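The following features are taken from TrEMBL:
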- GLN53, ILE54, ARG55, LEU56, LYS57, ASN85, THR124, LYS154: 4-amino-2-methyl-5-(diphosphooxymethyl)pyrimidine binding site (BINDING)
- ASP86, ASP105: Mg(2+) binding site (BINDING)
- 24-203: domain 'Thiamine phosphate synthase/TenI' (DOMAIN)
Amino acid sequence: MRGDAGPLATRPEIGQNAAMTTQLYLITPPRIDAQFAETLVEVLETGAVAALQIRLKDHQPDEIRELAPPLIALAQAHGVAAILNDDVELAVELGCDGVHLGQGDGSVKAARELLGKDGTIGVTCHDSRHLAMLAGEAGADYVAFGAFFPTTTKAVSHQADIDLIQWWIEVFELPCVAIGGITVDNAGSLIDAGADFIAVSAGVWQHPDGPAAAATAFQALCAAR
């Protein structure tokens, strides 16, 4: 399995929070406006974010071409990996650090040919050990499991159990990302299970105290476990 390339592809020293076992993998809201970058800066300046997935599901490709570059630049300026969701060709065009592939978004091999050896490739594996092993064998840099909790960000047809995280980290070196309905209130069990990353969207952007406060709370939670 691949474990030697890309900013997310080592354990445990990943991103800017290398002292922490679990790190925050932040996902953008599906729809943003031009002012979103100002909010993102506040979150990035907390130092809590290891990776930013740009997942603008409610925008067309031409809109993403306009909205994403400032986010990519901000992430990279803060030492945060910028990962585009779904579209490897667009990820290369925009200068992202990598791409996150769903099960219907093409092969790891094809993505690697476009991104090169240093690009980061993550793969959604739902609740499947088999899919995760296939992704690792194909050369992915990390695998993502979920959903672990109910989520309003996307329709969920797969429910993952925490023991999947425990099994994965005991057997494989490839980093794993836990995703799906994660909040400050429920993330502790995933951190305790050993998830390398917790992927959070609404749990940050919709936090009652604001996104920056949420990111700081996740950072404190990871540091305390």
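We count from 1, first residue shown onward.
Glycine too: its Cβ is placed from the backbone N, Cα and C atoms.
TrEMBL does not curate its annotations; it predicts them automatically.
TrEMBL feature annotations superimposed on the structure.
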residue	record	DSSP class
GLN53	4-amino-2-methyl-5-(diphosphooxymethyl)pyrimidine binding site	strand
ASN85	4-amino-2-methyl-5-(diphosphooxymethyl)pyrimidine binding site	strand
ASP105	Mg(2+) binding site	coil
THR124	4-amino-2-methyl-5-(diphosphooxymethyl)pyrimidine binding site	strand
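Shown are the binding-site residues ARG55, LYS57; the one with the most C-beta atoms within 10 angstroms of its own C-beta is ARG55. Geometry remark: ASP86 (Mg(2+) binding site) versus ARG55 (4-amino-2-methyl-5-(diphosphooxymethyl)pyrimidine binding site), CA distance 8 Å.
Residues within less than 8 Å, Cβ to Cβ, of ASP105 (Mg(2+) binding site) and separated from it by at least 6 positions along the same chain comprise ASP86, ASP87, VAL88. A simple way to gauge crowding: the CB of LEU56 (4-amino-2-methyl-5-(diphosphooxymethyl)pyrimidine binding site) has 21 other CB atoms within 10 angstroms, across all the protein chains here. There are 18 other CB atoms within 10 A of the CB of ASP86 (Mg(2+) binding site), with all protein chains counted.
Across the domain 'Thiamine phosphate synthase/TenI' (24-203), mean pLDDT in this model comes to 96. Counting every protein chain shown, the number of other Cβ atoms lying within 10 Å of the Cβ of THR124 (4-amino-2-methyl-5-(diphosphooxymethyl)pyrimidine binding site) is 23. Neighbours of ILE54 (4-amino-2-methyl-5-(diphosphooxymethyl)pyrimidine binding site), defined as other CB atoms within 10 A of its CB across all chains, total 26.
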